[in-house]
């Protein structure tokens, strides 16, 4: 049985995602609601090692729910990969009396947290904050909904100019291992084709798909390419396709880091608010070394092996539907 | 066993919702994908009676996925409530050879469709398009995600001015029977209190909640009021609260019809795309007199009694969390 | 010749407007650029009386240029209308060594500033921050561009639902004395009619205008009503029009305070940045008791009489064009 | 004295810009207002040669004022550069009875129009539609306001992630010959430095500027680079800077074609509406071979030499202010 928890600390780590501030706010206010002290650690594991830690109150997190980024900042820490780094981090949090941790981030964040838990036995819990939606054990990760809407908004703008000029556009979106953003922004953007890491599509297949579009007198086309697609980058694919369709006016846009920012959608704010509260309640209920998730509308606490061993699922029905609709 | 379906018609009915065009597009393209003819009926049941019907092809629904409203228009039809009206409607669609219907709308739309099915035996299926998210049998209805984001965007703007002036704002949002928009926009907007049709909150309770805010030196507050709340309209509630807090600068904003419009979010476009395809596939698979739904990530076909007899569910955990976070 | 200025204070007063934070930032950084100390006064004249004043540096105004509202907050002060109130305010700023003031606000703000200048002789300058664009001596006031875009965004959403239902919508926008927002959002929103404080339009004239729309088979119409229109509120006008057109489905939306908030447009940020710098440079150049303006692309410093005696100009050519385009 | 004009044709040419549809609408409705027939030519000079011309009425341009792109489409025509191409074009428009042309586009469009006028003597007028705002003779071109807001919205999103990670971002924006978008989005985005075609900035100067930022403990920085900057592309500059600041985490984003799309701002819609009306009124008043402009709030008709011989002006005061504010 865990000893009582009195002082919780929260931090963000890895790539930032819209909604992280809403999650921080929820962790802080839930801790206060349950009469616990709550600390914020700046710059993730880096700040834990540098002792960059402050106590927070309910007002510290006022007027942040709508902001992109993370007020606690984020960083990648090489030092935390070393035993000495982690020992220094542990001493810093111990000296503040911190007896439980909530980390907000992706699988890398959870990996660090798991190592820390194994070494020092402190109750820890992870909240999935990453735009990629590539984690098993939860239907949605914080930031994914906002990022996909940001992509779709950009695709809508690009469609305006594509339609005005009968152009073929290749739009590269985030997703090293996951096609989630690509599939859903592709359906929502009315893309002629979607290229993702989880499915092979040869240039021949792509050209066949686009050519059918040509026959049916479609005047312009958009292709969404996840950055981790197996046929190369959007730039590479566009170059190959242009060789086959020299008469097309082909353009490439790489959306890049603007996908990470912006005011979070209601969905990400509510998801982050729930997960932040569940994380604190989970800790107080004795859960440790787990990641919060919401699956089929139920709260779940996934252990480390579940998150790491299973690949994320791909929405195969969405893929199927994208093909029906791009006729 | 149903006789073969060859000619499908689609229409929208009741209040419009963002994503209806994406649903129309999906019904049209799925019909064509399955080698069926597809017709569009303008202005819902009214156009069915007036014989305002056109044949559609894949290009008819190009470049509409991002548009609010409905290209097929919508109307409320008194005449369709009469047996003569429905008979006229049936004759019109019969004369076109239409042998199955897809309706996009809310419970009123399904009620009309059910009556039509009972009288004429035509295969019919309903796609849930309404911003209220007040239907059992599906986690989400088309338009709800967009409408809630529209509300949250307005709340963010109002918060700017509320914070600049230390004001108390009452914001009235749509939801005659359902607090779904109010609860989720309330959490996402960081509201001090949320008033919904499904839960009683007296003015005394509200005042106690806001006063606690006062004690904790909160400098401004937002209260979200669903239009169907039991304590009266936002205007009424504000008047009552002002009597108790004469020193507060109280303002009311009624968001009104702007909640219905706008480019749909990716979520509503994908939801509408899936449901439109499922509706056509359901019809071809022999389903009739049902409403498509997606529940716990599974496609379901709900019969009329399920939709009508059960009230919609309220997210009680979201309500609980809104209270923890408004400290 | 003015004695040297060393310590400048900045504050916002009256209704808040998007871009006020950009103006604060510009005043602060320009002061530092010219090696002056810079103070911020909270809640306008109220904070001057309450001695709610802090010293600022370049970092104090980091990451605020994109935020709506005002970080210095605003308030209306009854006490400042009294000689005692102003004396208390003067003593507070004198005790800090503040020897010049920059006020950001509308004509009420300038009126208070002018009285203060007359009594105490302190160099003062006003920056026009108000969404109404109703001040002579400048082509644009800070906040107007953003507010008009916010209105147009709402009008676009309402048009979606108006077109889907063949409805007549009356949309009330801000503007007690000024039709600037109404005229420009009316043109940009494709309104059938625009009702403003500066021009009489009888219900008969309005009905004639809308009826012509009916003849030409226009399927839905929007009417923009400035809140200070002479024919009454949007609600009143809609009631009158409905009497004459009982067959129309008429709706009213009052946009209210959401017009004040939101991230400022580039235009308002650049305008505020320029005006904030010009205000500091004006003060250091010996200007006092004036309001900064930009007219025909030239910087001007308007004295109090100019701002108060002349009414603001109305863009009569825009009005003329709105009538040509609403055929 | 020109013979009477009865049949006007309008077309868009060159790169598309938000607000072109508003301009088309204004040309169409003003023509009808003045009892003229009005035609639309698809795909610019290309469609003139291909005889891709339709007659328009007031309804043809309903519900387009808010749409990005151009409903008349645009194209670049090699054939129109030949005398034969132009002759074919002239014969096509003559056969329709078209006796005056309104072209919407940039300097390339005007160049083609001027050649056409010289050869065939038809009354012609050009409306400046280009996001670059690089034309003398008008304070603003259609599309520039929207494009700059699109850039600033992207910069705001990127700032979220830059601040969360203490990163240095290089953002490349459109502007081959013109720094207008870069300067104004740089001021509005709070950029540490702005690199434009019209002003030399060496890597040494840039590094000195950014380093000062480092000293003053600025935690992250944005640099805006116009694509036509003299020090190379954003990618090149970032590579050079990274050599000098190896400890910085440097990222590059190239905004690309999303800058051309999107619903136009109120400013671009009103500008386009005015210019479209002025173009028709100018033609009817005997003007020919000119480009409409609005300068210092006055309508002007610029002849071909004015537009071509003078370079566009740069807002040197804005540049000066950007430097004061980036301290």
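Note: Cβ is positioned from N, Cα and C throughout, glycine not excepted.
All annotation found in TrEMBL is predicted automatically rather than curated by experts.
Look at TrEMBL and you will find A:132 tagged as active site, proton acceptor. In the three-state DSSP classification, residue A:132 (active site, proton acceptor) falls within coil.
Counting every protein chain shown, 18 other Cβ atoms lie within 10 Å of the Cβ of residue A:76 (ATP binding site). Under DSSP, residue A:76 (ATP binding site) is assigned to coil, being neither helix nor strand in the three-state scheme. The ATP binding site feature in TrEMBL is assigned to A:15, A:76, A:77, A:106, A:107, A:108, A:109.
In sequence order, A:58, A:61 are the residues near residue A:29 (ADP binding site), counting only same-chain partners six or more apart with C-beta under 8 A. The ADP binding site annotation in TrEMBL covers A:25, A:26, A:27, A:28, A:29, A:159, A:218, A:219, A:220.
Here TrEMBL flags A:107 as Mg(2+) binding site. According to DSSP, residue A:107 (ATP binding site) is assigned to a helical segment. For residue A:107 (ATP binding site), the same-chain residues lying six or more positions away in sequence with a CB closer than 8 A to its CB are A:130, A:134, A:135, A:307, A:308.
The Cβ neighbour count for residue A:174 (substrate binding site), using a 10 Å radius over every protein chain in view, is 24. What TrEMBL lists as substrate binding site is A:130, A:131, A:132, A:167, A:174, A:175, A:176, A:227, A:251, A:257, A:258, A:259, A:260.
Here TrEMBL flags A:7-282 as domain 'Phosphofructokinase'.
Its Cβ placed at the centre, residue A:25 (ADP binding site) has 26 other Cβ atoms within 10 Å.
Cβ environment of residue A:220 (ADP binding site): A:159, A:162, A:163, A:165, A:166, A:167, A:168, A:169 lie under 8 Å away, each six or more residues apart in the same chain. Between the listed binding-site residues, namely A:77, A:109, A:130, the fewest other CB atoms within 10 angstroms of a CB are found at A:77. Here residue A:109 (ATP binding site) is compared against the recorded positions A:25, A:27, A:132, and the shortest C-alpha distance is to A:132. Working note on the binding-site residues A:251, A:260: by count of other C-beta atoms within 10 Å of each C-beta, A:260 ranks first. Across the domain 'Phosphofructokinase' (A:7-282), the model assigns an average pLDDT of 94. The Cβ centroid of A:15, A:76, A:77, A:106, A:107, A:108, A:109 marks the ATP site; residues of that chain outside this set whose Cβ lies within 8 Å of it are A:13, A:14, A:44, A:105, A:111, A:112, given in sequence order.
The subset of recorded positions (A:15, A:27, A:76, A:106, A:108, A:132) lying with their Cα within 10 Å of the Cα of residue A:174 (substrate binding site) consists of A:132, given in sequence order. It is 21 Å from the Cα atom of residue A:77 (ATP binding site) to that of residue A:132 (active site, proton acceptor). A distance below 8 A between C-beta atoms marks A:251, A:258, A:260 as the recorded positions from A:25, A:130, A:132, A:251, A:258, A:260 lying next to chain D. Under a cutoff of 8 A between CB atoms, and with a sequence separation of 6+ in the same chain, the neighbours of residue A:27 (ADP binding site) are A:8, A:10, A:38, A:102, A:104, A:127, A:276, A:277, A:279, A:280.
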